[in-house]
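Taken straight from Swiss-Prot:
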BINDING   LYS85, TRP99, LYS104, GLY124, LEU175, ASP176, MET190, TYR194, ARG311  carboxy-S-adenosyl-L-methionine binding site
Amino acid sequence: MLSDFYKYATSTQLDLICTQLINLSTHVFNTNNGNIPKWEQAIKQIKTQNTGSLDFITPYLNISAHHINNFTLEKSLKQLIPWRKGPYQIGDLQLDSEWRGDMKWHRLIPHIKPLKDKVVLDVGSGNGYFTYLMAISGAKIALGIEPFLLFNYQFQAIRTLINNLPNVFVLPLSLDKIPKKPLFDTVFSMGVLYHQKDYELHLNQLKDVMKPSGELILETLIIDLEKVKKIIPKGRYAKMRNVYCLPSKNTLRTWLEDAEFKNIKLLDVTKTTSKEQRATHWIGNNTQSLKNFLDPNNRDLTIEGFPAPKRAIFICQK
C-alpha cells in the first residue's frame, strides 16, 4: 500500500512530503503490537476472496464482488472488530458498522466545494469510510490519517477487496506528523476537535497544511444551550474518555475567527439518534452504543447528566 501511495503522491503536490510520510508510517507499522499477527492473518484470508468494483449505494460503500464466501469473509473481518465507521457491503455481505456514516455525508456534501481533482486530507479518518467517499467524489488523491493502528488494518482489509482502486490511502499518523506545508485543497476534521486538549493548536495545525483559500470542513460535538459558552466535562462525556471541551455554536465560530479562518458558515446541527449510532454485531463483545450512553429516564441527557450529543458542521476557508 505504501508503494502505491508513493506512486500516486509523486504525481501531486504531495511529492514534497510523501517520502517523509512513508518513513514515518513504516516506523509505526513496524512497532511491537501483539495484535498485528492476528490482523495480518485476517487480511491474508481476505485476499483469497474475489474482488469487485467500488461505488456508493446509500447507505453502503458497496463492493460488487461476486461469489464471495460470506462465512469466511465475515469471520476474517470480525478479527478486526470493532467496526465503528461504515457501513460497507461486499457482495451480499452487509458490514453494518456502529455509525451510519452516510447520514453525515449527505448532510455536508451538497454544501462544500466540489472535490473533483482536489488534494484532500481526512484527519482522524478511522478505517477510511469517508476517505473512500472523498475519492469517489473525484478527488485527485484522498489521504486519511489515523493513529489508531487497528483502523489502518480495517482500511487495508477493505482495500484488498476492491479491483478499481481510487487514489485513496490511510496512513497511521496524527496531524502533528504532517509537515507544515500548504498542500491540501480541502481538509476534513470530523469527530476530532473535542478530543484535543488544545483546540487552538488543532485549528492552527489544520490551517498550516491548507492551501491559500483552501476549505476546512469541521464537524464536532457542541453544546446547544442558551447562555452556555462551553462545557468542560470532568471525567467522561456519554461514556467517552478524553472529551476536553464542548463549545457552543457561537464559541466555535469565535475559535475559527481567532484562528483567522474566513467565510465561516454553519451548515448543520443534528442531534445524534440511534438511527445513526447503534450497537451491531460488528462492534464485538462490548455491545454498548448511544442508547447506553444516555440517561434512561431522560434521553435529552447523557448518563453523566450533560446535554445529549449534538454535532455541528462548519465550513470555512483559509
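From the backbone N, Cα and C atoms, a Cβ is placed for every residue, glycine too.
Taking the features listed in Swiss-Prot, we show where each one sits on the structure.
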residue: LYS85; record: carboxy-S-adenosyl-L-methionine binding site; DSSP (3 states): coil
residue: LYS104; record: carboxy-S-adenosyl-L-methionine binding site; DSSP (3 states): helix
residue: LEU175; record: carboxy-S-adenosyl-L-methionine binding site; DSSP (3 states): helix
residue: MET190; record: carboxy-S-adenosyl-L-methionine binding site; DSSP (3 states): strand
residue: ARG311; record: carboxy-S-adenosyl-L-methionine binding site; DSSP (3 states): strand
Other C-beta atoms that fall within 10 angstroms of the C-beta of ARG311 (carboxy-S-adenosyl-L-methionine binding site): 19
MET190 (carboxy-S-adenosyl-L-methionine binding site): tally of other CB atoms within 10 A of its CB: 22
Farthest-apart CA atoms of LYS85, TRP99, LYS104, GLY124, LEU175, ASP176, MET190, TYR194, ARG311, residues recorded for carboxy-S-adenosyl-L-methionine, distance in Å: 26
Other CB atoms, at most 10 A from the CB of LEU175 (carboxy-S-adenosyl-L-methionine binding site): 20
Surrounding CB atoms that lie within 10 Å of the CB of LYS85 (carboxy-S-adenosyl-L-methionine binding site), all protein chains: 25
